[in-house]
Amino acid sequence: MTRWQHVGILAAIVFYGVMVGCQNDSGKDGPIEPEPKPVEFKATPYNWKKPANFDDPKYDFTKNPLTVEGVALGKTLFYDGILSRDGSVTCAFCHQSFSGFAHNDHALSHGIGDKIGTRNVPGIENVAWKTAFFWDGGIADLDLLPISPIQNPVEMGDSLANVLKKIRTSGQYPALFKAAFGTEDVTTERFLKALSQFMLTMVSANSRYDKYSRKETGAALTDQEARGLALFKQNCSGCHTGEQFTDQSYRNNGLRMQLANSKDFDLGRYQITLNLNDYNKFRVPSLRNVERTSPYMHDGRFQTLEQVLDHYINDVQDTPQLDPLLKKNGKTGVALTAADKSDVITFLRTLTDNDFITDRRFQPD
Amino acid sequence: MKNALPASVMSLFLFLTVLAACHNDPLEPEYGTVQLKFANVVGAQDLKLDSTSYTNGSGEPFTVTKLNYFISNIKLKKADGSAYVVPQDSSYFLVSQSNPASQLITLRNVPVDDYTGIDFVVGVDSLRNTMEIGKRTGALDPGGAAAGMYWDWNSGYIFLKLEGTSAKAPADATGKHNFMYHIGLFGGYKKESKTINNLRTIQLAFGTGPAHVIVNGTTGVQIKANVLKIFDGVKRLSIAAHPDIMVSDSSEIVANNYAKMFSVGTVQVD
């Protein structure tokens, strides 16, 4: 071996040591100090931090204080097929880390017994800032969300009551509930709050855009990305607002409507409010990790960001419900040149947060 | 000495008055129990699930396979307009035809008094309907008693669920002629996203005279719920035209109808 090879190996060992040493395992490898007399129950507070470029969260943490044990329980549940009728479908079955916790393989959600749902799987990220969930906003409280996929006959196909029963009689869970909540009781509240706790830790705030937004040292956008950002602010941020890239409103973005007799016919927000003004409106989705969360739209009709932009440039349909921002001066759609389109897409790719997507804390143990 | 006798009589009288007043201390009210007995009926008959065929106002034959409803926010009213309000956290009940125990709602610690009527809500008020999951225990637990009475995709409780069969209902994919009315919707979470509000408050007077609540006693109040009214309490609905009503504008018609289904039966100290 040459001298340089020795140096290289040494450097690799040192680097490995630093990597291992710096991992933020938050006590995952076992308690360092075993408590001799656990007189009073006390879970370990989880250090949840708001990213500097984000607003204050909307979730009320006082009603569900995050603990290391609670988050760990939530994660175990998230990755456990016990939540589905036949054990085959976990939360992660649809919400896959490498897709920004969305799903790439199916335009419409694919569930138990190969059943196909009616809508595209949304990603999970920054749920603490969301005021409603699902494409139609039918759920306004994160703690109530998991009941829906568990009981949906084409998703997990079970009932909440039966899932709780299975968890109560399982080997591992009573101890995990005790660690998180003080007793082995498996209640609706604890089950749902544990899932919330885990999902609340799934904060995506480390994309190149975020670092640029926080003016971190060395963070910069390329010229093309910066041009894309400027175009985005001018043409897209009316709906995809702020650091979450959504104003959380419900809008009709001029998609070609499915035929009324089509199985994909979907009235969106109207199904919740029964208000004709909400006909065919859907929640404005966040664009975080958008490069990873294809396909796009509530029904997953577009495979690529190019197709999405082409829709906004060329194919916005004029209906009474069309969002006014997509019809200016009598013209529908967004005026962007081919070069502009490419710039915007280049910018959108800066919203990919690889730290989030590969974060070990969000992966199964 | 002339005045000594009346003075001693006066002081004795005063003493006795004070004694009596102290004994009947108004600061320590006494309590009894009220049992609300929900009796589901179809016209003059007791409701029987599955087997018995009835006829609604549109002349349609039907059977009932399921009848559940939430009763909440119970108030016992007095002649002077005041009321005993059942503590909010203990004022949610799910009445199921298939579960006789659920048809008996026991209200303990009701102050001794004469009550002239009762108010209650059919369903779960908007405040409780949007409360955090920790406040949804007992009858309101979507993973327990409230399973099947909760919409998970459009968060909210189903206030009343009536299911059955009728030859007049169109055949479904399996050839069965079922009808189902699942009525909920509390008005929505926010002003800007209002929905229909199908909450109905029922106000009933104890027509035959007040319900006496006595110390350590139990007063039974029978409340009849007439299924026929669900079809025509205010506006006549036919099963043929409306075999399924859930989250739709027609749900208001059903709510208005079932708001008329309740009446007071017998009231007596058991």
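Keep in mind that glycine also has a Cβ here, set from the backbone N, Cα and C atoms.
TrEMBL entries are annotated by machine, without manual review.
The heme c 1 binding site annotation in TrEMBL covers A:CYS91, A:CYS94, A:HIS95. Look at A:CYS91 (heme c 1 binding site): DSSP puts it in a helix.
According to TrEMBL, the domain 'Cytochrome c' annotation covers A:223-352.
Under the three-state DSSP scheme, A:CYS236 (heme c 2 binding site) falls in the coil class. The heme c 2 binding site feature in TrEMBL is assigned to A:CYS236, A:CYS239, A:HIS240.
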CB contacts for A:CYS94 (heme c 1 binding site) [other CB atoms within 10 A, all chains]: 23
For A:CYS94 (heme c 1 binding site), the one of A:CYS236, A:CYS239, A:HIS240 that lies nearest, given that the binding-site residues are compared by Cα: A:HIS240
Beyond the site residues A:CYS236, A:CYS239, A:HIS240: chain residues whose C-beta lies within 8 Å of the centroid, for heme c 2: A:PHE232, A:ASN235, A:SER237, A:GLY238, A:THR241, A:PHE245, A:THR246, A:ASP247, A:VAL284, A:LEU287
Nearest of the binding-site residues (A:CYS236, A:CYS239, A:HIS240) to A:HIS95 (heme c 1 binding site) - Cα to Cα: A:HIS240
Rounded inter-Cα distance in Å - A:HIS240 (heme c 2 binding site), A:CYS91 (heme c 1 binding site): 27
Local Cβ density at A:CYS91 (heme c 1 binding site) - other Cβ atoms counted within 10 Å: 25
Residue, out of the binding-site residues A:CYS236, A:CYS239, whose Cβ gathers the largest set of other Cβ atoms within 10 Å: A:CYS236
Other C-beta atoms that fall within 10 angstroms of the C-beta of A:HIS95 (heme c 1 binding site): 21
Cβ packing number for A:HIS240 (heme c 2 binding site), 10 Å threshold: 19
